[in-house]
Each structure stands twice: as structure tokens, then as C-alpha cells.
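Per Swiss-Prot, the feature disulfide bond maps to C101-C193; the stated evidence is sequence analysis. The feature N-linked glycosylation site is assigned by Swiss-Prot to N5. The annotation topological domain 'Extracellular' is assigned in Swiss-Prot to 1-29, 80-103, 165-200, 263-275. Under the heading topological domain 'Cytoplasmic', Swiss-Prot lists 51-58, 125-143, 222-241, 297-320. The annotation transmembrane segment is assigned in Swiss-Prot to 30-50, 59-79, 104-124, 144-164, 201-221, 242-262, 276-296 on the grounds of sequence analysis.
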Amino acid sequence: MNSENLTRAAVAPAEFVLLGITNRWDLRVALFLTCLPVYLVSLLGNMGMALLIRMDARLHTPMYFFLANLSLLDACYSSAIGPKMLVDLLLPRATIPYTACALQMFVFAGLADTECCLLAAMAYDRYVAIRNPLLYTTAMSQRLCLALLGASGLGGAVSAFVHTTLTFRLSFCRSRKINSFFCDIPPLLAISCSDTSLNELLLFAICGFIQTATVLAITVSYGFIAGAVIHMRSVEGSRRAASTGGSHLTAVAMMYGTLIFMYLRPSSSYALDTDKMASVFYTLVIPSLNPLIYSLRNKEVKEALRQTWSRFHCPGQGSQ
């Protein structure tokens, strides 16, 4: 029984110690003061965007349906990591229970993969809108939009389940100190005393498949969009299509650039200290930038914001 208990303890420790981003107290305070407003901008900006789309009837189109769900994803995405990271920056020793670590990994990985799939769905939506504007609402029916959203969520959940299950079947007898500020896959593989070759292979294969398939879908969609824009006779239509597509491509480039850097590498090239800053970028910074990217160049969103502001702060003006 004692041997059995020892084996179980080696496989499933009660908790992990999160080493965080840095040991220096002054840097941790500086990071807290920097990351707190970034997280609040991410949370309030994304929730505000989703609420704005819900409140304004003019934004009840397939394009804004996907944008609202992307905003909700980003709010959840940053909230899966941000609050605990901020609290841990002010603690002398940060820990996370074993089951909470597994849950955090599942939620974060699932949301990240879901967002990749959703970005591909948004590219297809833009293609249909620009290619066949008169048939746009018919082609992008509510049923199709829900199917694309459901497929994105299912793909993310399956991928996260595989990674989380295989990661937490490993033994962690070497160390319980995770060289990161959250339960990410590479730092956990680094402290396992089991053979992690299958995990590394599946991490590369699944992430590679999802990212390659979605990037291919985005590339093909924008290839057709470029062809349609070139043949447009309306300068205003071309400008609007380029503006909308440019916002989406900016979000795609930031998201995929950091994910490829983080996960599509062999374990021998992992530099966990460098990866921590990349992790901060894609867990907090990117979600905070997406509302700005999609709103600053979008006349419909800016007009909806202006009217909503007038309605709540200048009731007489908003009713005119």
C-alpha cells in the first residue's frame, strides 16, 4: 500500500509551484501595474464589443455575429490566465492545485484552438460578403453561422481534451516547479520524468494540423477576396473591403505568429524564460488589442458606439 501511495503521489502531486515571470520584487510590481490595466482593457473592451453588437440592431449580421463571439472568446481567454497571474505577482510563493492546473490547461488550450478555427470561419464570411454581397445574408444563414461556431468549439474542445489528458497521465517526480506563470504544455513536459515523445509528437501534429488547416482556409478566402477587390468598379467598395479584411488579417497575424513560435518547435529549442514574455503577449496583449483593431477601422462599429454614447449620456440628442 505504501509503495502504491508513493507511486500515485509521484504521478499526481497535490499541487504545483508556479515560478512566475521573474523573482525580482520590483519587476513583479512593475508587471502587475502594467498587466492590470491591459487585462481590464481586454475584459471590458471585449465584453463591451459583444454587448454593443447585441444592443445595436444594425450590427445583427453574420459578420458581427462572429465578431461578438470572438470578443467573448477573448474575454474568457484572458480571464483563464490573467486574474491568477496578477494575484501571483504579489505573492511570495505561487501554487496551483493539480486539478486546477489541469482545468486551466484544458480551458486555455480549448479557447486558443477554438479562436483559430473561428478566425478561419470569419475569413470565409468575409469572402462571401465581398464576393456575393446581394446574397450574403442568404448564403451565411443563421444555421450555417451556428454550425461554423459549433464546429470551432468542438475542434477546440477535442484538441484540448487530448493534450490535457495525455499531459496529466505523465509522472511528475522530477520536480513540481513549473517554470511559467500558468499551466502551459511545454513547461509541464519539461518537468516530467516520463517519456514525453508522444506528447511532443501530438502537440506538433495537432497544433500543426489546426494551424495549417485554418491558415490555408484563411489564405484561400483572402485569395478570392483579393481577386474580387481587383475587379470592383467602386472605389468606396474596394476601400471598405480592404479595411475590413485588413483588420481581420492583423488579428490573424498576431495570433498565429505567437502560437507558431510557442508550439510548433521541438522541445530542444524551448527557451522557457523567453516563452514567458511571448505567453504574456498572446494571453493578455492580443485579446486587449482585438477590440481596437476591429473598431477603429470600422465605420459601423464607430457609429454604433457614438449613438450608444449619445443615448446614455445625452438622452435628448440620442432621441432626435
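Using N, Cα and C of the backbone, Cβ positions are placed for all residues, glycine too.
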TODO: Could you check what DSSP calls C101 (disulfide bond) once collapsed to helix, strand or coil?
DONE: helix
TODO: For the topological domain 'Cytoplasmic' (125-143), give the DSSP counts of helix residues, strand residues and coil residues.
DONE: 16 helix, 0 strand, 3 coil
Task: Closest-packing stretch to the transmembrane segment (276-296), where packing means Cβ pairs under 8 Å, from 30-50, 59-79, 104-124 - done: 30-50
- [ ] Report, as numbers and ranges, every residue of the chain located at least six residues beyond the topological domain 'Extracellular' (80-103) whose Cβ falls under 8 Å of a Cβ in that stretch; write 'none' if there are none.
- [x] 12-21, 28-29, 31-32, 35-36, 39, 42-43, 111, 164, 167-168, 178, 181-183, 188, 283-284
Task: Helix, strand and coil totals (DSSP H, G, I; E, B; other) for the topological domain 'Extracellular' (165-200) - done: 14 helix, 2 strand, 20 coil
TODO: Determine how many residues of the topological domain 'Cytoplasmic' (51-58) DSSP places in helix, in strand and in coil.
DONE: 7 helix, 0 strand, 1 coil
